[in-house]
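Copied from Swiss-Prot, the annotated features are:
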- Gly8, Asp9, Val10, Gly11, Gly12, Thr13: ATP binding site (BINDING)
Amino acid sequence: MAEQVLVGDVGGTNARLALCSLQDGSLSHIKNYSGAEYPSLEAVIRVYLEETAAKVSSACIAIACPITGDWVAMTNHTWAFSQSEMQQNLGLQHLSIINDFTAISMAIPALKDEDKIQFGGEAAQAGKPIAVYGAGTGLGVAHLVHSGEAWMSLPGEGGHVDFAPNSTEEVMVLEALREELGHVSAERLLSGPGLVNIYRGLVLSDDRVPENLQPKDVTERALADEDIDCRRALSLFCVLMGRFGGNLALNLGTFGGVYIAGGIVPRFLEFFKASGFRVAFEDKGRFHSYLEPIPVFLITHEQPGLLGSGAYLRQKLGYKL
């Protein structure tokens, strides 16, 4: 039996853990745990190892927060821990704690054709830079570059760059939201809560009072064609996803492709396909022709965070991806 390592994908609500084969990166024994039911990440890992009777010497856990040193404090959870202490407590020879979008970016080289849907552009160019972003609870961003024999993820907090409007409607939304929020980042519009902000901004810019809606309300009403404001909001969301993706492509010349990680887009996939997303992606004036061949993909793999955590660790331990 091939040696296995522990991999994880931890968000503000759930912790997903699995075993990953060092030989081929395949995943097994995938389990999901509610973070609210455990006092710490270490406690969840101990339960998982006991339930699976797994013996591992190495682990890689992806977490939805910035990783800047030994101490890790989750953004949307009370869990906080020292990486070195947890490694020692669990008796691991190696422990890597990485950002969730570092993991998702590292999953991309392992994706098969059936794990993604293409939106325009030509074939991805092998070995060229890649960008990945995803709108969920927040807006995650990472880049991936090939260096020598290895893939290198370039994580950051790109979701918090300034929102840059590019139409009269977008300027009006920005002005309405600025009065409520102060600084308006891209994440304030490109996320689940951001979809509601777009709806609010559109209604407020018309000098009307918005309803108190949740993201799913906006999506459901838009798809049912029951509410013109919600439909406008969802349409603008798709356009802004395109503009933001085009900006990422320009930043690093991502002829290896721009990837959208799951998040909320799959909930309205057909609407997204028919939206102004791709036109907005290429809408860069003189650089339209530069962006035209760059493909955009939606990741449909169910566990890209786990897959990427495994890929990150396998490469770190000397395995070629």
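Here, residue 1 is simply the first one shown, and the rest follow in order.
A Cβ is built for glycine as well, from the same backbone N, Cα and C atoms used for every other residue.
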Neighbourhood of Gly12 (ATP binding site) by C-beta distance under 8 A, where only residues 6 or more apart in the same chain count
Gly35, Ala64, Met74, Thr75, Asn76, His77, Thr137
Largest tally of Cβ atoms lying within 10 Å of a Cβ, found at which of the binding-site residues Gly8, Gly11:
Gly8
Which residue among the binding-site residues Asp9, Val10, Thr13 has the fewest other Cβ atoms within 10 Å of its Cβ, if you could check?
Thr13
Can you give me the residues near the recorded ATP site, meaning same chain, not Gly8, Asp9, Val10, Gly11, Gly12, Thr13 themselves, Cβ no more than 8 Å from the center of the site's Cβ atoms?
Asn14, Ala15, Arg16, Gly35, Ala62, Ile63, Ala64, His77, Asp100, Gly305
